[in-house]
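Features of the protein shown, as given by TrEMBL:
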- 35-51: transmembrane segment (TRANSMEM)
- 95-118: transmembrane segment (TRANSMEM)
- 154-176: transmembrane segment (TRANSMEM)
- 182-202: transmembrane segment (TRANSMEM)
- 222-247: transmembrane segment (TRANSMEM)
- 259-282: transmembrane segment (TRANSMEM)
- 294-314: transmembrane segment (TRANSMEM)
- 334-354: transmembrane segment (TRANSMEM)
- 366-382: transmembrane segment (TRANSMEM)
- 388-409: transmembrane segment (TRANSMEM)
Amino acid sequence: MTKSATPAPGSNPRSALRTLIDRVGRQSLVTADQLVFSAVAFAMQAAAIPVSTGAEYGIFTLVMMVQTGQWYIGRAIASEPMLVSRTAGDERSRGAAGSALALGLAVGIGSLIVGLFLDGTAQELLFIQAAASPLLGALDHARYVGYGRDRPLIALGVDGVWFGLLVAALVTVALVDELTPTRVYLLWAATGVLMSAVAIRLTGSPFAFGSVRRWLSDQWRLIPGFLVDAIYLAAGIYATFGMAIWATGLNDYGLLRKAMTPITALTVLFVGIGTALLAHLAGRSAKDVVRAPALVTALAAIVCAVSALIVLVLPADLMGTLLKADWSTLEPVVLFLLVYAFLLASGQTAMVAAKASGRAWVGPRVRTIQLICELALIALLGTQFGVVGAACGMALAWGVGAGIAWVGLTRHARADRAATS
């Protein structure tokens, strides 16, 4: 039986309340930043949809996934270990920033090489990606430096200005000339690179390649599990959509991605909130580690349920015009994808909570089973029912993944409680 905690000398209810208010305020700013960051991606995709055929939008999103994968892996080798080890405020964080930049350089070179063997829109998009990858990697890491230093206003300010610049640029080009998928991607990348310079100025230079090796060595206890989890996440995305292309064709894959545009904004938001929880949950009690992802799951359920109600009352003609596709085909796809978004958010935050308590290998184990289920279900249902079947398969697979993630998290939480009682 444990003894009740003795109040620290000089502690009082007023200071405890102030600490709680400060903590809630910081977490609210982090959540707001993740919302704005997802709005940037949403604005880019929403601008590309009306000016793209299904196949063109499919190519657009395939290239966009290069940057998404880079961010996932960059967070695993730099941002997430920095948050968990609480090193954002000391000299060691320079090695983390250098790691994020070095990864961006590698991705940029890879994009350039692949682009040389392609032509048309795919080549143009990859060349833009090659130029932007390094600094976009530094920008994303700078956001997490702000979180780690308890200064989330840095990230919120940078992302807010990025969103404003992007929308202004898109509107200006649309009024003066016309938008194309390539121009949309160029404007997104250019405004992001511009804001990366601001973020670097506020959080410190990432040009610290000499510190990368020491950073990787110091954080090797955490990085392998985080990295495998991120690789599974990125590879799972690529494999999932590759299977969707095989099962439904490039044009239907483009329709699936059009339907996913608002869903992607939600998943970016929920995954970002989950990642931000790393700093909040590191070193906390087993009860807190379970409670936080449960609250995110409840939030995701409410948001997805409200979104589903909105989808059901949207005018078919308006949605068909906006998406440049038949809304009667896409409406059930969007509803299945909302279920997918909820289950992904629940499973992802449970895995993040496990990471925060030092159980870095929960994620890779869950993703292995989830990915196998997802590929099999998309292949089976996609070939039989087209784009609707592919969306249903994605939702079912994450239902399995979320269930396993929560079993793993609660099992470890019970073990931690037993060890400390």
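Each residue, glycine too, has its Cβ placed from N, Cα and C.
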Highest-contact recorded stretch vs the transmembrane segment (222-247), from 95-118, 182-202, 334-354, 366-382, CB pairs under 8 Å: 366-382
Paired segments the transmembrane segment (35-51) and the transmembrane segment (388-409) in contact, 3+ CB pairs under 8 A: no
Residues from the same chain, set at least six apart from the ends of the transmembrane segment (95-118), whose C-beta lies under 8 A from its own: 66-67, 70, 73-74, 77-79, 81-82, 87, 126-127, 129-138, 140-142, 145, 203-216, 218
Outside the transmembrane segment (366-382), six or more residues from its ends: residues with CB under 8 Å to it: 229, 232-233, 235-236, 239-240, 243-244, 246-248, 347, 351, 389-390, 392-394, 396-398, 400-401, 404-405, 408
Other parts of the chain folded back onto the transmembrane segment (388-409), taken as Cβ under 8 Å at six or more residues beyond its ends: 240, 244, 247-248, 252, 256, 259, 289-290, 293, 329, 332-333, 336-337, 339-340, 343-344, 346-348, 350-351, 353-354, 359, 362-363, 365-367, 369-371, 373-374, 377-382
